[in-house]
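Taken from TrEMBL as is:
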- HIS178: active site, tele-UMP-histidine intermediate (ACT_SITE)
- CYS40, CYS43, HIS125, HIS176: Zn(2+) binding site (BINDING)
- 20-36: compositional bias 'Basic and acidic residues' (COMPBIAS)
- 119-184: domain 'DUF4931' (DOMAIN)
Amino acid sequence: MPELREDPWTGRWVLIASERSQRPHDAPRQRPDPPRRGNCPFCPGHEGETPPEVFRAGADDLARLDASRKPSREPAGEAAWQVRVVPNRYPMVRSEMGPETLAWGGRARVPAFGVHEVIVDSPDHGSAFHQLSLEARRLVLAVVRQRLAVHYQDRRLEQVVLFKNWGREAGASLEHPHLQLIGLPWVPPRVRRELVRSGEHLRTGGGCLLCRIVEEELQEGARVVAADDAMVLLAPFASGSPYEVWLVPRLHRARFEATAPDERDALARWIGWLTGRVEGLLGPVAHNWVLHTAPRRGRGFLEGQELEAGYHWHVEFRPRVTVPAGFEWGAGVDVNVVAPEQAAEWLRA
């Protein structure tokens, strides 16, 4: 029977219509285009085709990045790179704009101020993030931490969003695997909802809302995909799309940039496992994952010690199995044709 479910983390409502679902082996299997390396600006030897790089890390830099307690603004080195960070050539936001508010015809508008960077996962054009070695994935996440720490020192920025688009259906415009980072001078609506719900729960004596959700999911078990001492993978109660999975660290921490090396190692290990598991179930399906981390201040929503106590960083992973249609657009309600309990069972198998 179809169900409407409310997500306790964001307050959004989702329609679970599992009777419309297909068995995993019946789902359309997306075939990625053959890799085309010829004119790729992210491949070694083509560094001059990107904007000037702002950071690079070599294979031997992991220990240095893990040991660093302060974000480095050092210029890019000359050694062979394993991970490379460059400004996006076609940015959604621009750092040279001012954050002032403008008005036009009685409607508010502001310049799209911010930072937009690309983090190239690897020199290898054909290796997706989950196909990299564990050590290479750890290095990427160490660079992510470094970039977040740098940008959260910028008082003009309030929220940094890091995300992966893999595959054309997930919004990737270039084949060479990469992450994107966008720094904004305001807290976007999705994060605002998380902060409001977390604050309400914290102020009623409930502690961290996501910690409570994880505890309840572990007790029930039906939506737990995998777990160890460091991280819990769960199909959220009100999953917005088929096979949506959240990777939640057991250790409460508001900010990814404050994580220790072993916490990042756990994420590197589990996100590789999850992506491979989804690919084994559905084929090489396009997917997105997004890192949710606390804003710099959370002013007006959840601030100071409340922000540190009430927010909980995590990663949300979504394969692109279905396409939102007219109802989702018109009603503003996600429709999920695979119940999270069923998705978790298939992913565990």
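Using N, Cα and C of the backbone, Cβ positions are placed for all residues, glycine too.
Values in this document were obtained by computation on a predicted structure and should not be read as measured data.
The Cβ of HIS125 has fewer other Cβ atoms within 10 Å than any other of the binding-site residues HIS125, HIS176. In the domain 'DUF4931' (119-184), the DSSP tally of helix, strand and coil residues is 25 helix, 17 strand, 24 coil. Around CYS43 (Zn(2+) binding site), taking its Cβ as the centre, 16 other Cβ atoms fall within 10 Å, counting all chains. Annotation note: CYS40 (Zn(2+) binding site) sits in a coil segment as assigned by DSSP.
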